[in-house]
Every structure is written in C-alpha cells, then in structure tokens.
Amino acid sequence: MPTTVDDVLEHGGEFHFFQKQMFFLLALLSATFAPIYVGIVFLGFTPDHRCRSPGVAELSLRCGWSPAEELNYTVPGPGPAGEASPRQCRRYEVDWNQSTFDCVDPLASLDTNRSRLPQGPCRDGWVYETPGSSIVTEFNLVCANSWMLDLFQSSVNVGFFIGSMSIGYIADRFGRKLCLLTTVLINAAAGVLMAISPTYTWMLIFRLIQGLVSKAGWLIGYILITEFVGRRYRRTVGIFYQVAYTVGLLVLAGVAYALPHWRWLQFTVALPNFFFLLYYWCIPESPRWLISQNKNAEAMRIIKHIAKKNGKSLPASLQRLRLEEETGKKLNPSFLDLVRTPQIRKHTMILMYNWFTSSVLYQGLIMHMGLAGDNIYLDFFYSALVEFPAAFMIILTIDRIGRRYPWAASNMVAGAACLASVSIPGDLQWLKIIISCLGRMGITMAYEIVCLVNAELYPTFIRNLGIHICSSMCDIGGIITPFLVYRLTNIWLELPLMVFGVLGLVAGGLVLLLPETKGKALPETIEEAENMQRLFIHSPVFSIHQMLMFLPLQT
C-alpha cells in the first residue's frame, strides 16, 4: 500500500538527530536574514549634523570655542514651527574667513538681530557628530537628499516583493536545495559588493539584488525544515526558525556596536553567507519535493539516510511513496476565487490588511527607535529580547485559547502601546522603553500568528495562492514604511506612532470578525471555507469555555 513521507517518518524519526542537525544549520541561515531586514537602523543611522561653513573651524580654533559655543555662534537656531530641521539644513550666508569677526558673538557686527541675516542651503557639505560612519554620513543623505535613505530601504522591500512572489514557482520547478544554494551565493556576493560600492547608485543596486534573493532564501530554509520533520513538529520548528531570526537581531546589535563604520559592518554581516555554500554537502534535497517530481527512488534513499542518522530502521513494507494529497481533478485557481464568495472575500481583505499592518508596525517601530532612542544599540537589543517571550506566548496560547483572541489582543496591545508612548513625557524614558517593548512584543506575535492563520482560512486549491497574494501586502507595507517614518518625523517626531497606533487597533478589531480555526480541519472546498464562520457563530459557549479553562485540548 502506498505511504506518505509522514508515515515513513513515524518509523524513521520525526524530530531526532538528523532533524535537529538540519534545524541548527538552517537556523543559522535564518539569523543572517536580520541584518538585511532591519539593518537600516545601523547602516542608515542619521547623527546630529549641521552645515559645513568654510572658515568656521579656523575661527573656532583661534577663539578657543567649545563645541557648544561654536554651534551657538555660527549655526542658525530653530526656525518656525513645522520647519524641518533648520539648524541642520541651513547656514548663514557669511564669509567666515574675514579677520574682523569678534570672538564674542561674532555676528553682532553684521546685525544685532540674527533672524535678519541671510541664510542659504548647505553648499559645502555637512559636519556630522559621530565617531563612526553610515551611508547617511558618507553619501550626505540628509536635508534635500533625505528621501534617498527612504529609497534605500524601500529598494530591499521591492526585492522582497518580487523574490517572494516568484520563489514558490522556482523552488517547485528546480528543487529546494539548488534554489537555496543559488540565493545564498547571490546574496553573499551582493552583500560584499555593497560594502565596497563607490557610489550611492551602485549601493542601491546591490541592496535591491540582496532583497531579491535574501527573503527567498529565508523562505526556502523555512520550507526545507518543515518538510524534513514529521507532521506533529512542523508548527513548533516553524516558530523556532523565526526565533533564530531574533537571535540574529541580538548579534547584529553587538556587531554594530563593535563596528560603528557602515562598510565594515556590512562586510562583516555579508561574509558569513559564503559559509552556507558548504550546505551542498550537508543538506539533502527535500524527499517531499523529489516525490512530487516522481523521483521516488532518490526520495527513498534520502529517507533511509534520515532513518540511519536517527538510529532507526524502516519496516520492509514501506516501499512505495506518494504525495500527502492524491492528485484528483485539477483546479486552476485565480485571484477571483479569493473575492468571489462573501466569507472568503472578507477573509482576504482582513488578512491583506493584517499582513500590511504587521509589516508597517514591525519595521516602523524599529526605524522610529533608531531616530528617537538615546542609545541606539541598547534600545535595539532590549526591543529584540521581547521577541523571545512573544514566540513562547504563541506556543502556549494558540492550542489552548485559540488563534483569534491572542491575535486580536496582540494587535491591540501594539496599537495601544504606540498611542500611549506618545503621551509619555521625555523625563520618563524608562517607562517609554517598557511601553515600546510591549508594542514590539505585540506586533511580533501578530506577525507570526498571521503566518499560521492565513493557511487555515483557505480551501486547498487556492491555499498557496491566498498565502502569496495576502503576504505580498507585507512587502508593500515595507516599501511604504521608510517614507512614512522618515517623512512624518520631520513634521513631528511622534506622528508615526499615532499612525501606527490607529493601524494596530483597527487590525485587532478586524481580526475579531474572522472565525476561530483551532481544532478545525483545513477546509478542502469553497463551501467548507464559507461555512467556517457559521460553525463558529453557532458554538460560542464552547469557545469561551476553552478559553477560560486554559487547558490543553486535543486538536
């Protein structure tokens, strides 16, 4: 009788030595995705700066000014309310090389009222108050050129969008292992080339290439590890694969602190990717993919290798393999299937909005922290730490309480934390950090739960399409977020948090309109997916009872 890979793994080991070894290797891959996804915080750090005025340095040295006195005497003060950083982007149109300037209030000899002195843009560059460097300081991405920093981060998200939309087809056509090694090689080469880019344009091109392959490689790693383990362990290893990404965030904070110059930082985080090319000899092809390509003999050889690594033996009766889902009548899904019927249309709209919101809040909070934090390294480290309890809370709640309430609560906590942070005065920085960490934990939970629930709300024949279409909004959100954060902070530093708060609260409310999927079989047809909401509405007492008891339930 034909058996599935899951049937064989029950005898050969669902999560033993081989799977643990594969998880460790692929978790390293997951960790190296962190510098690409949120490395903008350190690579694009914008320090305090002011216009460079020829002659000021010499005058300051002659007069013996302190840095504060030089700033006070030679740089325009804050302008009208709402004007973007006048102290950083304007300078007095004065020839500072004149020898007639007094050391005490030198501009008084020109006009006693400084506001009447002519001002102009920074024609001779900027002075940056930082011991290190970033792409901002090297390419002068400030003032009129500040949008180029937004474009830099948006370009990597454009790459994510294109790469993740095509990776499903490529991995199914050419195999997981070949795609993984190809994306690793391109990502490593583009990362190193970006570190030595002579111009902003070349740097942007290599960052876009990194975006095209890095998220695709991360997704292939996710696919591989979930295909190597047995059915019971897929969800857990999927969550811990994302936890490995969080470890990458902590390591990134330490490396960025040790290497404050952006080229050395970029080179250091890109170089280890070449190590993953050794996986050619360490990681086999997915036996599930081989079976889908009718390469059953090769699949069986790999499964026997897995069993041998696990110290298990396979019964002689397990000779024939088949796919988990027998191929029946072929259906050709289209986007219209996602919006044709009322319940699935509602699911699609809510899922798309939640993918978008999760991306905007997750990336936006990290970028905003880089602008508003006192110590960027510690703030980044602390906020990354809260992703660990977020992962464990998901594991503890989704099979006890369900998906719906933790998902809604996490969105609402993130939104409420953003709004609360706006009203906290600056002298209560410790409270601001705590509230920010709560918001980060909430949106991390929401981000990971939407990945799970997305697959559970669609019938089989449109499930992959639904996941790809809805999750594409994640990358659309990533493209918009840099412009949202960096432009709105020019108006008011806390304005992005107001926007994030509203987005999060709305997302939490919309989640409550979705059916609970805990304990339910995946829908196979449109009719079953349409009836999910009706079944949920007819059994509210059972769901509330499960939530209150908080006991492990059979699923």
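Glycine residues also receive a Cβ, built from the backbone N, Cα and C atoms like all the rest.
Automatic prediction, not curation, is the source of TrEMBL annotations.
The domain 'Major facilitator superfamily (MFS) profile' annotation in TrEMBL covers 23-519. Annotated transmembrane segment per TrEMBL: 23-45, 178-196, 202-225, 237-258, 264-283, 350-370, 376-398, 465-485, 491-514, in sequence order.
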Same-chain residue ranges lying at least 6 outside the transmembrane segment (350-370) that approach it to Cβ under 8 Å: 37-38, 40-42, 44-45, 153, 376, 379-380, 383, 411, 414-415, 418, 436, 439-440, 443-444, 446-447, 450, 453-454, 457, 466, 469-478, 480-482, 484-486, 489, 496-497, 500, 503-504, 506-507, 510-511, 513-514
Contact set, same chain, for the transmembrane segment (264-283): CB under 8 Å, 6 or more residues outside the stretch: 22, 25-26, 28-29, 32, 35, 39, 42-43, 177, 180-181, 184-185, 187-188, 190-192, 194-196, 224, 252, 255-256
The transmembrane segment (23-45) touching the transmembrane segment (376-398) per 3+ Cβ pairs under 8 Å rule: yes
Recorded stretch, among 23-45, 202-225, 465-485, 491-514, maximising Cβ pairs under 8 Å relative to the transmembrane segment (237-258): 23-45
Mean predicted confidence [pLDDT] for the domain 'Major facilitator superfamily (MFS) profile' (23-519): 87
Distant-in-sequence neighbours of the transmembrane segment (23-45), which means Cβ under 8 A and at least six residues beyond its ends: 130, 134-136, 141, 149, 152-153, 156, 180, 184, 187, 191, 210-211, 214-215, 217-218, 221-222, 224-225, 229, 237, 240-242, 244-249, 251-252, 256, 262, 265-266, 269-270, 272-273, 276, 279, 282-283, 363, 366-367, 369-370, 376, 380, 482
